[in-house]
């Protein structure tokens, strides 16, 4: 029976993905309009194929939009498949008294397995016996711990122990880095810890992004408004159904139904879906150039609206490369400590050593104490450094702590001046092991006494000039307890280790621990040759007997350092009103220290109620948890379930949550968050569950992405304002002509041309608007803030009403005021359907012949020119054209030129004149078009002035977050 394999769901069929693209209100409205237009075209008299232009164009747009949507679709299926990579392929199992290799998926609870260094754990297992002095597992992929974890067979009595504290359990998907052991399988398949992550990913229902939700709400509102207006227009004309001009009640009803459909086509921003997709796609290109690869288009905007970033610590805020920061030994007088600062935070074997700002060179030559420390670090070490010539980066093969010590040895150099001169001329890539090799050749290795959990140390036996020395490294509290002597000063005279010396060193260890540094003590035993246990030691107790009466040489303090640019990034997030919450599996002291260094906490800030461990958080009631997440900025010793819970709580408070991470353990929370941000060097599971991947693993890139996201949202509002005000203008135009009883000024094919081509090009160009100057000093938008707020709606209506009125007035002008026109009265124009009965002398054919087409051309040209001017207005929501001129966005300049060129094409190319039922304009008509269109700029400048005065509040009155005042921008 296949117990271990994780269940796989079948892939989503293509037809389902395509169908999903049509579950959008705007798309459904367009689909309905296309259907009605097609039916009306079938009943059109004559063989005029232009009747089918409307439905064909609409359907073409819908198909193109669906293709783009399916192409961009990213599902959890790939993430689930990637989880299989973290499942071991085979396992060594004891069955029927025989040891055999079987497929890991065939394991069942109760199987006894053997596992050793380099193996991937095939199932969740309970340790039975350890066949080596120590047994360590790298479980960062599951828990996020920056160091490998020592395991043992002792029982854990705490039933609520988190995974990090379950030291007798091996978790499926983690890797053994040291030792050999026997274990019994307890959980397989979906029941394992990694199986739980699989279950979390598959069970989650993807929530719509804030932008998608707002567009859906906007679509719902638009659907209702369009339906009401269309029905209203049809009903107010019921009395005209029997007018002689229509030739019967039924034909009159169909005629006004066509007008109602025209109204529907006019009201729907056909180009909106394509323009939004294009805008987001352009945003992804910009962000990719800045090392942020977006896997889901709507997430571009979503990141711009996030109010909380939940960040994993290890590998995200930190380098995930242990590095030594401090080198310490007692000074010559023994009343203080000599502290040497070490430069560099990666595994690159280069960096200066300094004391009080003064650079120190050839330390191993000038200081016997430092030389002895280098000897211990070089010999008590099984890690190796590696260099990738392609990326130019350095890495560690083995324990990260030992890798950090190896790097320090190379930074210190050898105890030979001539060797050092040659050594430091070499590039870092060629001196990965040069200094270490020097000490290894001087001190041949005789024996290794492996690390054990009980004595918290390891040692090596070396020889020099026929003398034998024991070099030891380990936890300071354990080493200090077993030391009898200590070296004083740089030249290292050995003196007894008194209580005063011991207390001085112990205080430094505590101080370093509070700062998040991991401290390693270095010691030696010089007169070891006479110890009878030297060649017979077999147990850790005997190893401990060897490691007695030691001489303490010094201490080293190391940490997984924060990335240098993270502090500035956190500062920018605060200025943007974004909370940064750190969620890590690491211990509290280390996490709090890192948080203080990067600015999440102040240097001396009281962390009461702001820092919780996973266990402390679990002990809270639901209401207390909700209160905790309002203030807390750090959660340490957490498990994957904590991350998902925190995302739920934050979202329930109305926050838009971004979650960063790089491990398998992060995947469920990455998927649940409004936007998941994975690291480029992270696991495939994390990357495939995320919406965005940071190729440079740089938390600071998120700040760039936030700014781009905010800019995209602002631009989205601008081109929606631009498109909708145009649509409102068209609706007002059709409604006014119908209400006034005038002939239709614009026909559906003209409206489609304006909506798709003439408007579409500038709308797309608005995506290139540069961000407003204060875009990163505004408070984040609230989750429930509508895309179209009250003020924005008023602006839509104000501009739209003018657009519609100007379009209708252009039609009226041609018939009533144009010196080259018929100059009939307005009453005659508004009663054209009674022309044959009441005033046939004017020539009723003018309402359907070339005169009508000329008037319609004036209306269409006014609409187009106003929209070009309106596009200029949309450069900024509140900044005047005088302060934010047109050439700030040259793409818009080109778009306006192209749109006008296309308009001239339909005006002056005969075939297109026929298609759009228009005629060329003369100079008199063009002057009228420009005069009627120009006031829209002045109107919008007044509205911008009002927004600056009334809706942009002074910063002191703005929202405050993390002690920073913000200037809110209102829609």
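Cβ coordinates come from backbone N, Cα and C, glycine included.
Per Swiss-Prot, Mg(2+) is bound by 312, 314; the candidate from 662, 674, 691 named for the same site is 662. It is 26-46, from the ranges 5-25, 26-46, that Swiss-Prot records as transmembrane segment. Checked against Swiss-Prot, the range among 834-854, 918-938 recorded as transmembrane segment is 918-938. Of all ranges given (696-718, 719-741), Swiss-Prot attaches the label transmembrane segment to 719-741.
Per Swiss-Prot, the range carrying the annotation transmembrane segment out of 751-770, 771-790, 951-970 is 751-770.
Contact count against the transmembrane segment (796-816) (Cβ pairs under 8 Å) is highest for 719-741, out of 218-238, 719-741, 751-770, 855-875, 918-938. Where the transmembrane segment (918-938) meets the stretches 719-741, 751-770, 855-875, the count of C-beta pairs under 8 angstroms peaks at 855-875. Of all the recorded positions listed here (312, 402, 867), 867 has the Cα closest to the Cα of residue 268 (Ca(2+) 1 binding site). Of all the binding-site residues in the record (402, 453, 518), the one with the smallest CA separation from residue 867 (Ca(2+) 2 binding site) is 518. Spatially, by CA atoms, the binding-site residues 473, 637, 662, 758 include one closest to residue 312 (active site, 4-aspartylphosphate intermediate), and that is 662.
Checking Cα-Cα distances from residue 755 (Ca(2+) 1 binding site) against the binding-site residues (314, 453, 473, 662, 727) with a 10 Å cut-off leaves 727, in sequence order. Each residue contributes its Cα atom, and for residue 662 (Mg(2+) binding site) and residue 643 (ATP binding site) these two points are 13 Å apart. Shown are the binding-site residues 453, 518, 637, 643; the one with the most C-beta atoms within 10 angstroms of its own C-beta is 643. DSSP classifies residue 730 (Ca(2+) 2 binding site) as helix under the three-state reduction. Among residues of the same chain six or more beyond the topological domain 'Lumenal' (913-917), those with a C-beta under 8 A of the stretch's C-beta atoms are 50, 53, 747, 749-750, 753, 853, 856, 860, 906-907. Ranking the recorded positions 312, 730 by how many other Cβ atoms lie within 10 angstroms of each Cβ puts 730 at the bottom.
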